[in-house]
Amino acid sequence: MVEVEEKDEHSYPLLTDVASSSTDSHASLKRTGTVWTAIAHIITGVIGSGVLSLAWSVAQLGWIAGPLCMVVFGLITIVSSNLLCDCYRYPHPEVGHIRNRSYAEAVSSYLGKKSMWVAGIFLQESYYGYGIAYTITSAISMRAILKSNCYHKEGHDAPCEYGDNLFILLFGAVQVVFSQIPDFHNMEWLSIFAAIMSFGYTFIGLALGFAKVVGDGQIRGDFGGVPTTTVAQKVWLSSQAIGDIAFAFTYNIILLDIEDTLKAPPPENKTMKKASTIAILITSFFFLCCGCFGYAAFGNEAPGNLLTGFGFYEPYWLVDIANACIVLHLVGGYQIYSQPLFAVAERYIAKKHPNSRFVNDEYIVKLPLLPHFKLNHLRLCFRTVYVASTTGLAIVFPYFNQVLGVLGALNFWPLAIYFPVEMYLAQNKIRAWTAQWIVLQAFRVFCLLCTILAFIGSLEGLISSKLS
């Protein structure tokens, strides 16, 4: 049975302007999120494909620089996310009357429209890049399940080779369906499930690394990391490793979307700071364990992807379970980073075409044995094209470590550092050359240097992989 549900401007809050839509015209939306649902969203966003590259990253940097780099990025993420938590409301972080439901809206409120457009470019590119990265990773994991079973039956030297394209297309088909989830507020169940899956494969990767170290009776690896024939090669690989670590930690681009799901009181910024700090501490612990035990187990031969590079062959069924958990997690992870992009694009289109039935009408569809759901023509067409485009680019650039490094380096400084610091300065009216201003500028410059180094090395690795 299909029914048409027409909306006027009052029942369809997305018709308002991107910046002004944060006002109480959106207050009718029921917010029921808690610190625990926020933690689930954050863990789903943070513990993603990046964790699988950390053993390789530690191998490039060595026993001193590798763990230290992860600790530093964890602390940077906590600081920058706490700055951003206060930007949900404007002009006051707790009693401000304007809600900034997304990163771009916060930039618009505090820094103006021009800054919003600059931030918007980085944001949409970042959301889109995560979709490509997660599509690549899921395909690699699906392929790894077949390879694991093949190696178990035929031996570890058997020619068990499978292509990626079929699995990329399969993941894209699944995302076409899940992309019809209307918005972030309808995703709590998916985030909780995805967070459980992320813990599942992280625990398995950690346990396999620990078991291998104990079984071999030695800790592999060097203080200086993987030796190279030239200094330039070492610089490229080390900078790419830094980019991979930055990718693993960054989640600020969805922080305000998550904060918009929280109920109040207590004030949303206090709940979000608590959730963010807890989630980053948890994920940092797992990142350190996975990266360090993976390096200890394989030394300088650490694979680029801990669970698909086949450092582990047995027990094959456990490797299969881990890779299945990765795929299931990335189904939710893809949506975590795609929903904000969908919301911005569809709000803009709805504002431009307020009387279009194609844009605004929703059809209530009831299928046998399933609950009813709302289908919108714009949502169906736009999101299907979006998924198809990320799927196509994943087929063209199926390079796991290099893609993660480029995305991490490209987006880390502008989105996780520059704009949060600028908004904090504007919100608190901090004058130039005061002690607090100098500390924040030093923090920003340090992160900028790390980002430039990581971007150059990761881009070099991506180009070299494509040409080879």
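For all residues, glycine too, the Cβ spot is worked out from N, Cα and C.
Record features (TrEMBL):
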DOMAIN    31-463  domain 'Amino acid transporter transmembrane'
TRANSMEM  35-56  transmembrane segment
TRANSMEM  63-84  transmembrane segment
TRANSMEM  127-146  transmembrane segment
TRANSMEM  166-183  transmembrane segment
TRANSMEM  189-211  transmembrane segment
TRANSMEM  278-296  transmembrane segment
TRANSMEM  316-337  transmembrane segment
TRANSMEM  380-400  transmembrane segment
TRANSMEM  406-425  transmembrane segment
TRANSMEM  437-459  transmembrane segment
So, taking each listed stretch (166-183, 189-211, 278-296, 406-425, 437-459) in turn and counting its Cβ pairs to the transmembrane segment (63-84) that are under 8 angstroms, which one gives the highest count? 278-296
Count the CB pairs under 8 A between the transmembrane segment (189-211) and each of 166-183, 278-296, 316-337, then give me the winner. 316-337
Can you say which of 127-146, 166-183, 316-337, 380-400, 406-425 has the most Cβ pairs under 8 Å with the transmembrane segment (437-459)? 406-425
Give the nonlocal contacts of the transmembrane segment (406-425) in its own chain as ranges (CB under 8 Å, at least six residues past its ends). 50, 76-77, 80-81, 83-84, 86-87, 103, 106-107, 110-111, 115, 119, 122-123, 125-126, 129-130, 133, 239, 242-248, 250, 252-253, 437, 440, 443-444, 447-448, 450-451, 454-455, 457-459, 462
